[in-house]
Every structure is written in C-alpha cells, then in structure tokens.
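What TrEMBL annotates here:
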| type | residues | note |
| --- | --- | --- |
| DOMAIN | 4-135 | domain 'EamA' |
| TRANSMEM | 30-54 | transmembrane segment |
| TRANSMEM | 93-111 | transmembrane segment |
| TRANSMEM | 118-135 | transmembrane segment |
| TRANSMEM | 141-162 | transmembrane segment |
| TRANSMEM | 174-192 | transmembrane segment |
| TRANSMEM | 204-226 | transmembrane segment |
| TRANSMEM | 233-252 | transmembrane segment |
| TRANSMEM | 258-276 | transmembrane segment |
Amino acid sequence: MNSPIFLFILSGICFSTVDAIAKILVQDTNLIAVVWSRFFGQLLLAAPIAWYFLGKDFWRTHHLGLQLFRSCLLVASATLFFAGLNWLPLAEASSITFTAPIWVAILSGPMLGERVGLKEWLVAGIGFLGILFIARPGSAIFHLAALLLVMMAFLNAIFQLYTRKLIRDSAYTTFFYSGIVGLIVSTALLPYSDPLPTLPVYEYVLFGLLGFLGGLAHLLVVLAFYQMRPYKLTPLVFLQLIWAVGYGYLIFGQLPDRLSVVGMILIAASGIWLIWNHRSTGIEDPNKV
C-alpha cells in the first residue's frame, strides 16, 4: 500500500518500535552507542536513496550551514530523548516529547514573524499543564529526566522550524544530511563514552534493528509528505502514544496511571488543535522535510 495515511501511520509504528528498542539498549549499554546506531542506520538508507532519486550530486545543498545546524539539533534531540528513556516509562516519556507542536506554535512568532494569538497561548498552556500532570514536580515520582524531555521537545521544535527554511533543497538531500551529520557527531563522541559491555547476541540484533527502523521511519514520513499536505497527516503522530503504551506494557510491564493519562490527553488534544488550526506551523512543502 502506498496511501500517505498508511505510510505515515507505519512510520509512527516504526518510531515507537525504535523508542522501545532504545529503552532496552540504554539500560544495558551506553547512550552514545545507541545514538550512533540510530544515525548509522539512517545513513545506510539515505545515501543510496538520495543517489537514486537525485543522481551523483545528491549531496549538494543551497543551505549548507543550515543543514549542518539543523542536523546537530536532531542529534541533540535524539540524545536527550534516549537519555530520558533510561529513567522514565516509555509512554510518559513519549507524551512529553509530543509538546513539540506547542513549542513550534510559540516559537513561530519570534523565529518566523508569524502571529501567535491568544487562543494559541491558551492551548499551549493546556498542553504544558499536561506535562505537570505527567511529571508532577515536587511529588515522590518526579524525576529530573522529565526536564531532559522538555528540552528535547524544545530543540525538536526549533529543528522543525529550521526545516521550513530549506526551501531550495530536496527532501532526499535533507534526509542524507540528517544521517551523515548525526553519524559524524555521534562517532566523535564514542571515544568519550563507556566501552560496550559484553552483550547477548539479541542486543546486537536490536542495535541493527534500531538503526534500520529509524531510517525507514524517516523515509516513510518523506514519502507520505510528498503525497499529502503535512498538516493533514501530522495529527496522526499522536497515535504513537497508543503504540508507546502498548510497548510499555508488553515489554516493561508499565502502564500510565490516571493522572498521566489525563496529561497525555491534554498534550495530544492541544497539539492536534495547534497543528490543525495553525497550519503554518506544519511543513507545507514536502521538499522541506
């Protein structure tokens, strides 16, 4: 099936599977190795695909500095998210990162000169209230890792806004730069990370699967956005919360409590409203993905 809706939902399943695998690996190995695997897998897919569609000049860009900066933001976001997974349940961690559309709506004013009205601010406040329901600062269950995920969502929003500025580059070129910059940065950090312990064979398989599915998920998003306007598809990203709850229960025996569910609903509802009613926060041109 090549329906954009099907492709986008499938990408969400891949992303959620990557998150579950990453949570397993960061608890047993080291963070930088997990990040490295994620971008190595993306590059293995991105380079030949970009070559196939664009030819030998697939790497040429009109926005080199912007591509490098944007890709570094993606590396930082992935690192913060995987770090947060080490301490927080999968569903709760995933839901906090879905405040990115809220940050996009807020930052589109100062960064893009777009008008952010009172409704947007009120809905953003509801979304941030959802974070408080999940993290519950001051309570016994609060963990500072929640702040890592809030920071991740903030950086991811900046990443999305800068993506919109890549108006002259192909999506496949951008896909390639995300992979190669991520791999270079994570490779440079590997010598400063803890050496990998002796791992069972299945965890080496998980490393390979994480990289492949991470790259495949991004490719599916690109293909879906080429066929349908992103603002129509992006609300479906919140289906990942369902997959995250399922993986959290099946693999880690974790289910969100009632307050966390309320927080997840508030974040999802506010994010969907902002995406649908403030369409300029979405990526309107698939070449910007």
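Here the Cβ of each residue, glycine as well, is placed from N, Cα and C on the backbone.
Note: TrEMBL annotation is automatic and uncurated.
Note that the structure is a prediction, hence the values are computed from the model and not measured.
For the domain 'EamA' (4-135), the model's average pLDDT works out to 92. Tallying C-beta pairs under 8 angstroms between the transmembrane segment (258-276) and each of 118-135, 141-162, 174-192, 204-226, 233-252 places 118-135 first.
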